[in-house]
Amino acid sequence: MTRTTHFGFKTVSETEKAREVAGVFDSVAERYNLMNDLMSGGMHRLWKRFAIEVSGVRTGERVLDIAGGTADLSSLFLEQVGSRGEVWLTDINNSMLTIGRDRLLDEGTAVPVAQCDAEKLPFPTNYFDCVSVAFGLRNMTHKDVALKEMLRVLRPGGCVIVLEFSRIWKPLQRLYDLYSFKVLPAMGGLVAKDRDSYRYLAESIRVHPSQEELKQMMQKAGFERVQYFNLAANAVALHRGYKF
């Protein structure tokens with residue numbers, strides 16, 4: 001029997017979701033950073049800096065950036081760990097990974113990169129001090145499996161940080177829906193020449209677990225001291241959990 005999952009509001013086979021998500025990011029990769037700036041008014045850069053602060057990463061530590069895409073977090077983590085540290089930039093999508101790698105090279109920095117599935121990480125157990133995923137978890141087919149893999153590669157005492165869109169403050173829901181389903185696709189069509197991918201973005205946010213649901217998923221995966229920080233009227237949440 002074919003196993004199904006969500007691709008936005010559609011129910012599709014797991015194989016089809018992987019193919020569809022790959023198509024989305026192949027399409028938007030070249031305009032990804034520009035669209036992020038336009039969609040969030042540049043706020044995504046502040047959210048990512050906050051994620052770095054909350055991670056507590058220090059000089060000399062090892063960091064795994066999952067779904068690292070255009071390397072926003074990897075670039076910031078590099079500033080924290082310094083020359084004695086190690087930052088791995090990973091993504092399942094080659095188009096996104098190539099842009100991130102080339103960006104870091106243009107900045108004069110070379111980091112190890114790996115195209116890999118977050119559900120099957122090619123790293124040893126108990127290796128990293130911090131694992132991060134920003135705006136990538138909702139695209140994963142088996143979020144529970146990916147979270148368990150993140151736990152596996154963390155060393156005891158290490159933390160995971162998950163930055164993701166979440167459930168907005170209810171009084172703003174109608175305005176947010178108007179923005180998500182009318183403005184975003186129009187903006188995507190104008191700037192990235194792809195309305196459908198940004199329609200998927202809006203839909204994928206709506207079917208992603210709430211703040212409390214994701215907290216429970218992380219706890220079930222084995223993370224401890226899980227907490228979250230609501231940002232931008234709850235439209236975005238940063239979750240943090242530890243491995244002990």
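Backbone N, Cα and C atoms are what each Cβ position is placed from, and that goes for glycine too.
Look at Swiss-Prot and you will find T70, D91, D117, A118 tagged as S-adenosyl-L-methionine binding site, backed by sequence analysis. Sequence-distant neighbours of D117 (S-adenosyl-L-methionine binding site): residues of the same chain at least 6 apart with a C-beta under 8 Å from its C-beta are I92.
Among the record's S-adenosyl-L-methionine binders, T70, D91, D117, A118, no two C-alpha atoms are more than 17 Å apart, and one pair sits at exactly that spread. Residue density at D91 (S-adenosyl-L-methionine binding site): 28 other Cβ atoms are found within 10 A of its Cβ, drawing on all protein chains shown.
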